[in-house]
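The structure appears right after this line, and notes come after that.
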Amino acid sequence: MNGTATNDPPVNEMGLVVVGAAGRMGQALIRAVHTIPGARVAGAVERAGSPHLGKDAGELAGIGNIDVAIGDDPLPAFAKADGVLDFTSPAASVEFAGYAAQARIAHVIGTTGCSTDDNAKIQAAARHATIVKSGNMSLGVNLLAVLVEQAARALDADDFDIEILEMHHRHKVDAPSGTALLLGEAAAVGRGIDLDGNSVRVRDGHTGVRRTGSIGFATLRGGSVVGDHSVVLAGIGERITLAHHAEDRAIFARGAVKAALWARGRKPGLYSMRDVLGLN
Ligand code: NAD
């Protein structure tokens with residue numbers, strides 16, 4: 001078949017900037033974008049002063065030279081891109097949300113640990129930009145959230161207590177994890193309650209008995225664990241455990257690229273991974 005036999009337009013790849021390109025997730029994102037059809041690495045950004053500035057993003061991510069040098073200025077990178085993949089820090093993600101809105105490009109935010117104030121600023125940016133934000137970009141965890149919501153709805157709070165246990169690597173800086181909170185939110189929706197007013201984040205000392213209907217969190221940190229989550233529904237004489245084990249950061253990176261491709265050309269707003277995966 002020769003090239004003129006089809007009227008199909010040339011494939012219009014989505015140019016994606018990876019911010020935090022030298023981080024654990026940043027490197028996984030560079031590898032994912034490079035291998036997923038329909039996407040290409042259009043830029044790589046790190047914080048000012050990073051020892052990785054000037055290095056090739058592909059070399060750093062272990063896939064060889066891709067001719068994309070890591071820079072510290074997001075503005076020129078955003079100006080020539082169609083979307084941003086952002087797994088950095090809350091302060092950086094809030095700043096990038098403003099720039100992405102100005103550039104009218106899609107912004108995928110995987111950063112966790114955002115405060116109420118950070119989330120309000122991201123919500124404001126979503127008036128002008130298409131933002132997909134999720135504490136977990138994997139298919140498995142988003143499906144798990146649907147199951148948790150169903151289980152919480154089906155099992156009465158007087159009979160079943162909900163506890164969420166998570167473990168991550170020793171470098172993680174926020175707790176509980178964004179995924180644990182996402183699962184807690186799903187449980188709260190199932191129960192028809194507000195998570196903030198009903199969660200128990202820490203227990204220490206003489207705590208008194210468990211409050212009926214509360215959602216408890218427990219956090220473990222150590223080694224190189226990518227992410228383990230269990231939601232335990234504990235009744236009298238029986239216990240249900242719904243769990244997910246992440247073995248490779250590639251699952252989050254692939255999900256983020258999928259979210260960017262989904263967001264392209266979609267009207268401004270703040271979307272979740274459940275929207276992307278059609279699980280809502
Ligand atoms: P990391 O510390 O390895 O990487 C973060 C990178 O962001 C660093 O290289 C840092 O220099 C860079 N950075 C910080 N501020 C910046 C700025 N202003 N401009 C450019 N770069 C900047 O951390 P990580 O393990 O890759 O995790 C990053 C975030 O992603 C965390 O919040 C983590 O909880 C979250 N995470 C989310 C998911 C998900 O599916 N949503 C999965 C894994 C991790």
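Each Cβ is built from the backbone N, Cα and C atoms, and glycine gets one as well.
Annotated NAD(+)-binding residues in TrEMBL are Gly20, Ala21, Ala22, Gly23, Arg24, Met25, Gly110, Thr111, Thr112, Ser134, Gly135, Asn136, Met137, and among Glu13, Glu46, Glu95, Glu149 the one listed with them is Glu46.
Across the residues the record lists as binding NAD(+) (Gly20, Ala21, Ala22, Gly23, Arg24, Met25, Glu46, Gly110, Thr111, Thr112, Ser134, Gly135, Asn136, Met137), the two Cα atoms farthest apart are 22 Å from each other. Remark: of the binding-site residues Thr111, Ser134, the most isolated position is Thr111 (fewest other Cβ atoms within 10 Å of its Cβ).
In this structure, the C-alpha atom of Arg24 (NAD(+) binding site) lies 11 angstrom from that of Lys172 (active site, proton donor).
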